[in-house]
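Enquirer: The annotation S-adenosyl-L-methionine binding site is assigned in TrEMBL to Ser110, Gly111, Phe112, Leu113, Asp131, His136, Asp159, Asp176.
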Amino acid sequence: MKPHVFRKGDWALLVEERGGYKTVARVGGGRIQTIRGFIDTDKLVGAPHGSEITTSLGVKFRALSATIFDVIENKFELRAQAIYPKDAVYIIKAIGLGPGFRVAEAGTGSGFLTAVLAWYVRPWGVVYSFDNRIEHMKVAVRNLGRIDLLNYVDLQVRDVVRTGFGSIRVDAVVLDMGDPWNALDRVSEALKPGGVVVIFATTVEHMAKSVEALRKRNYVNISIEEVLVRRWKSVPGELRPETFDVTHTGWIISARLV
Ligand SMILES: C[S@@+](CC[C@H](N)C(=O)[O-])C[C@H]1O[C@@H](n2cnc3c(N)ncnc32)[C@H](O)[C@@H]1O
């Protein structure tokens, strides 16, 4: 079980008691500025989770232990288009991912999906993550370091279409890259028999090309799914869907190698 008090370096989710404002901050990182005044995060070191903390303008906040998704959504640097949490968690379901799994992905991008995969394969598993652009990989290294997940990932700068995934044998491969259909022969070399491939496609054209490429190879149980999430306001008297929301992200195509 996690300790119930904040230690220096922990991430805290700071939620305004009355009002909808929230932010994420490192505990023990000194004063941070919010739209409600300054918060001294040093005061949280040793404080129980759920403690009240007051800003320089007298606004009360509750300090909660931040989840991995709070940190990813609020504190990760974004370089390439990232996978949204709703899709990331559905990819976990499509693989049936859990502790001890060995999984590969291309491309790494800013490491948003890498972080979620690494979180779920801990403490014994590993995520082999490949990107052909060093500048993206550098951002991913910084992001994964922010949440102490570097021990569960093996990051490699590599073009998976040209040079494949190396000599790994994995339970699953996730492709979130421009031309996933061109990487499928390489995926087949890296996957264990019965392993899962997941392709994230953002346009109908890419989705169709990916499914066609799977059908031409030894893949069965092909499924195409889309995750639609509608956020609602939680304000009493205003319980209704949010006016503005993300409408389209992409399709999650999954299949098993035989
Ligand atoms: C949309 S981003 C991936 C975002 C990532 N899934 C995330 O959640 O942050 C696509 C990435 O694929 C990489 N990429 C494209 N073609 C590649 C290839 N042939 N081999 C390896 N990486 C590739 C790009 O450099 C880019 O960083």
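The chain as shown is numbered from 1 upward.
Just so you know, glycine gets a Cβ as well, placed from its N, Cα and C.
Annotations in TrEMBL come from automatic prediction, not curation.
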Enquirer: Relative to the Cβ position of Asp176 (S-adenosyl-L-methionine binding site), how many further Cβ atoms are located within 10 Å?
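Expert: Within a 10 Å radius of the Cβ of Asp176 (S-adenosyl-L-methionine binding site) lie 25 other Cβ atoms.
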Enquirer: Specify the secondary structure state of Ser110 (S-adenosyl-L-methionine binding site) as given by DSSP, simplified to three classes.
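Expert: DSSP call for Ser110 (S-adenosyl-L-methionine binding site): coil, neither helix nor strand.
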Enquirer: Ranking the binding-site residues Asp131, Asp159 by other Cβ atoms within 10 Å, which is at the bottom?
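Expert: Sparsest of the binding-site residues Asp131, Asp159 by Cβ contacts within 10 Å: Asp159.
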Enquirer: Could you tally the C-beta atoms, other than its own, that fall within 10 angstroms of the C-beta of His136 (S-adenosyl-L-methionine binding site)?
Expert: 18
Enquirer: Return the residues near Gly111 (S-adenosyl-L-methionine binding site) by Cβ distance under 8 Å, restricted to its own chain and a separation of at least 6 in sequence.
Expert: Phe76, Ser129, Val139, Ala140, Val141, Asn143, Leu144
Enquirer: Would you find the one among the binding-site residues Phe112, Leu113 whose Cβ has the most company, meaning other Cβ atoms within 10 Å?
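Expert: For the binding-site residues Phe112, Leu113, the Cβ with the most other Cβ atoms within 10 Å is Leu113.
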Enquirer: In sequence order, which residues at least six apart in the same chain have a CB under 8 Å from the CB of Ser110 (S-adenosyl-L-methionine binding site)?
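Expert: Spatial neighbours, sequence-distant, of Ser110 (S-adenosyl-L-methionine binding site): Phe76, Glu77, Leu78, Arg79, Ala80, Ala82, His136, Val139, Ala140, Asn143.
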Enquirer: With DSSP assignments reduced to helix, strand and coil, which class does Asp131 (S-adenosyl-L-methionine binding site) get?
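Expert: In the DSSP reduction, Asp131 (S-adenosyl-L-methionine binding site) maps to strand.
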Enquirer: What's the longest C-alpha separation between any two of Ser110, Gly111, Phe112, Leu113, Asp131, His136, Asp159, Asp176, the listed S-adenosyl-L-methionine-binding residues, in angstrom?
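Expert: In whole numbers, the farthest two Cα atoms are 19 Å apart.
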Enquirer: Using DSSP, would you call Asp176 (S-adenosyl-L-methionine binding site) helix, strand or coil?
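Expert: Once the DSSP labels are grouped into three classes, Asp176 (S-adenosyl-L-methionine binding site) ends up as coil.
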